[in-house]
Amino acid sequence: MSDDGLVSAAASPEERAFEAGLRPRTLAEFVGQRKVREQLTIMLEGARARGRPPDHVLLSGPPGLGKTSLAMIMAQELEVPLRMTSGPAIERAGDLVAILTALSPGEVLFLDEIHRIARPAEELLYAAMEDFRVDVILGKGPGATAIPLDVSPFTLVGATTRSGLLTGPLRDRFGFTAHLDFYDADELARVLTRSAGLLGVTLTAEGAAEVAGRSRGTPRIANRLLRRVRDYAEVRADGVVTREIAQAALRIYDVDGLGLDRLDRAVLEALVTRFGGGPVGLTTLAVSVGEEPETVEDVAEPFLLRAGLLIRTARGRMATPAAFEHLGLDPVTDPLGRTQVSLFTEGE
């Protein structure tokens, strides 16, 4: 993964394989998402007491917050197999039929990016979720015949980063829905402390807090930064990750105190220094930093918006006072009401 992707919440296949060794195995080990954990605990205990699979579960929220981990934990707690697939992998209804008819009783089926499932497959899923059967259509036109196939009772765990793209009929068939929120710094520090123990890394409390503060509220990013800081500590120091070591390491990787990377800061600096804080159009802003508009909109803007550094208006993008402050610049308003910038001086 390139340095520019160091604070991206997306994960490569190699990183997902590495994450497997850090994933919690039980709800008690899972850090953060307190309400969701409590609700899932009650639901799973009730299902075990009844001897039946729990309701279908829909988990929504940004990537890297633990949706896959929770699906794995559910199967572990229920002591049943887990089968994993994704919406893009199911291109035809037949693909889904093959998966559903192969499920064992009580099995947990994890369907990542469920909002991207093909419509014919989605419609087939309705009956499977409600009645544990699928209707296979043989032939075409008036002579087509529907053959019902039984499906073993199962629990579907759907995960989505874009719940607004789910159709109403699909969303309504989930008995339990939960939204995963970003983590606070204390929760991320606990995640880092646990991961450091599993990786054999000596991490001080101050070092954990420093990495947590730059992790954008996302455990996946926190663990990724921890690995880079560990490398620095082993090569340039005595192997102990302190606050100073974390700061020095992340300075090399261009991750600043808020978790902004090179692209984030380039966008923010262009908006503030070249366009006086805005408003400026997306295309113009993207050209000024040598990127495509889609890259700026999809990669840089979401965190800048969430961090309160940028706002979108009908006239274009604008920097907030917090953006000027973060860059060490002082917003100055001239008599015409236009915002200009000047560097802070030591005498101010």
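The backbone N, Cα and C atoms fix where each Cβ goes, glycine too.
On a predicted model such as this, the values are computed, not experimentally measured, just so you know.
What Swiss-Prot lists as region 'Large ATPase domain (RuvB-L)' is 3-183, and the listing cites sequence analysis.
Other Cβ atoms within 10 Å of the Cβ of L22 (ATP binding site) number 16 in total over all chains. Here Swiss-Prot flags L22, R23, G64, K67, T68, S69, E130, D131, F132, R173, Y183, R220 as ATP binding site, drawing on sequence analysis.
Annotated Mg(2+) binding site per Swiss-Prot: T68, in sequence order. In three-state terms derived from DSSP, T68 (ATP binding site) belongs to a helical segment.
Residues or ranges marked as region 'Small ATPAse domain (RuvB-S)' by Swiss-Prot: 184-254.
Residues or ranges marked as region 'Head domain (RuvB-H)' by Swiss-Prot on the basis of sequence analysis: 257-348.
A strand conformation is recorded for R312 (DNA binding site) in the three-state DSSP classification. Under a cutoff of 8 A between CB atoms, and with a sequence separation of 6+ in the same chain, the neighbours of R312 (DNA binding site) are E301, L305, M318. Residues annotated as DNA binding site in Swiss-Prot, with sequence analysis given as evidence: R312, R317.
Sorted by the number of other CB atoms within 10 A, the binding-site residues F132, Y183 start with F132, the lowest. Computed over the region 'Large ATPase domain (RuvB-L)' (3-183), the whole-number mean pLDDT of the model equals 91. For the ATP site, whose binding residues are given in the record as L22, R23, G64, K67, T68, S69, E130, D131, F132, R173, Y183, R220, the maximum C-alpha distance rounds to 37 Å. Taking CA atoms as the reference points, E130 (ATP binding site) and R317 (DNA binding site) are 46 Å apart.
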